[in-house]
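Undergrad: When I checked TrEMBL for this same protein, it listed these features:
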TRANSMEM  47-68  transmembrane segment
TRANSMEM  89-107  transmembrane segment
DOMAIN    111-166  domain 'Exoribonuclease phosphorolytic'
DOMAIN    171-231  domain 'Exoribonuclease phosphorolytic'
DOMAIN    393-527  domain 'Exoribonuclease phosphorolytic'
DOMAIN    634-663  domain 'K Homology'
Amino acid sequence: MAKQLCTPLSVCLMLQMILLIFSQCQFTIKNAFQLLEELGIDTPNHAVLVIRYPMFISFTLTLIFKLNPVVVSLNVKEGQKITRFTIRIYALFYYSICWVTRLSFLFEVQVLVCRLIDRPLRPTMPKGFYYETQILSWVFSYDGIHSPDCLAVTAAGIAMALSEVPNKQTIAGVRIGMVNDQFVVNPTTEQMEDSELDLVMAGTDSAILMIEGYCDFLTEEKLLQAVEAGQVAIREICKAIDVLVQKCGKKKMVDAINLPPPELYKHVEDISRDELVKALQIKEKILRRKALSALEEKVITILSEKGYVAKDESSGASENLADVIEEEDEDEIIVDGEVDEGEVHIKPVSRKPPCQLFSEVDVKLVFKEVSSKFLRRRIVEGGKRSDGRSPCELRPINSQCALLPRAHGSALFTRGETQALAVVTLGDYQMAQRIDSLVDTEESKSFYLQYTFPPSSVGEVGRIGAPNRREVGHGMLAERALEPILPPEEDFPYIIRVESTITESNGSSSMASVCGGCLALQDAGVPIKFPVAGIAMGLVLDTLEFGGDGTPLILSDITGSEDASGDMDFKVAGNENGITAFQMDIKVVGITLPVMEQALLQAKDGRKHILNEMSKCSPPPAKTLSPYAPLIHVMKVNPSKVNLIIGSGGKTIKGIIEETGVDAIDTGDDGT
């Protein structure tokens, strides 16, 4: 069993950075606003946190805005109706590194850190909180030793805990490495160079909310041990954060939670029950989505425009005399001074109960929850998913290579209604992707995967521009899943670019990119070590509510609707011997290690099945270099003779290029 190794930035030191005072480390924590004054920063925000360590300063703040289609305001006007129901959290991560010009976009690594901050916070946001919340995190000073991403996650969790946002629980994040078979909590960048594992995880004091990481065919048992070590560290940090919140936390905006009327849930079920059950039985995604959209419009029309009378109210119940008789008003006008003392007036009230009208926003929100509830019940109680599969069953798989005759390598991977077209291009070092980040010491990457998710893949029309956060995150996950199977640069001196375009999507498109990318690499003649595959797992946590025995139900190879309505999205890539990449997002407040263990073991069985289906690829991968791929010849010379080859001003090497007709000649300091 791997042992936990104490490092200069272990849990204790992380606690020093956020809460405590340790004189032996010559570290002092002051009130965040005092630190801001020292730095000359003045900000009127809802929560501010400064993490300070010698040579390292991180600044995090939380902003809460009123949701309004036109005006963004910090104040809530009395009686003002919130017109949007989507909870939106923006997590932004900044650092300054470019010296040429001010950039108008985020680097890829910044986008990835934004996702790390955003994903664990979402499950802690309460339903009915419609305030737009923005989290800004800056790195003002970087020591070159400790990676700022997991610190940014923890800082965001502290800022949210101190702010007025009524989030459910406190979160914290840590990184776990494994050096010499020992787990390292928050390792240094130098230690990460020798680490077999790069795991970033976030959670509460009792459960896991998010994990993401990459490894070199690590076993499921080792991964669970690493998560357990990380959970112990997170628990200690969360306890310390709770102490800080008790001292200086702001009062939570509990009154701002605006839930739909409780009776609306019953009304939506009464109207849509029969049609909803039929719609969820439609196997084809597009037809099912059309049926659900039509039913949603019907429910909205009835409840927000025409009005709805509940069945128990329209059953003709007897009315009390007090409801239909009204005594004479005291201020009634007397005509000619006469009035009959025993006279009563019949109140003109209808025996039909009044119609109930609800806002369209509330109806949409409730319809989504009711649809999710019915889908869960169908899976748990009936044992069948929307496409007719059992919980452990995978969708049909088909794959083919060499679709594109001119490309260096290509593959089309289809799993159910999800399809990815992967194309591999080989080139020289000039095709390397440049890296511009705080942590990475290398200036370029020799292998990179670019993931594209056009709106046409889900039957929609939309603007196509720069990659969004989802595309960047999914592309990095697929890239890191394939990286361990690549040959060393000494054996295969090519720059490798994989482009995965999703032509159709119904869930697990990033894992389809892993499978398609692996086949395309083989078709391009890249001598990979082992084939790998990826699968996405889902979860129904509380099965007792939907007719089960209370045991969490794990779903293999989830579709889009199961992802949206389920409690977990757990992507795992690798082969039958180990894992190369993983990513887990939780929609509820955390899961436990036993549930995660069950998901990992079920995912292992799924990967075996997918790899077996990939071996049936027709036509199969070429496994030889394409005639259109560039040829690279590597030779070694005496390093002292390199200048002679280049010549004065590059004259000699240019002459060689012109005479031989080669595209380029590259030289290295080592004589390569």
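In case you wondered, yes, glycine gets a Cβ from its N, Cα and C as well.
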Undergrad: In the domain 'K Homology' (634-663), how many residues does DSSP call helix, how many strand, and how many coil?
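TA: Across the domain 'K Homology' (634-663), the residues distribute as 21 helix, 0 strand, 9 coil.
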Undergrad: Please work out the helix, strand and coil residue numbers for the domain 'Exoribonuclease phosphorolytic' (393-527) from the DSSP assignment.
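TA: Across the domain 'Exoribonuclease phosphorolytic' (393-527), the residues distribute as 39 helix, 42 strand, 54 coil.
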Undergrad: Helix, strand, coil: count each for the residues of the domain 'Exoribonuclease phosphorolytic' (171-231), based on DSSP.
TA: 16 helix, 30 strand, 15 coil
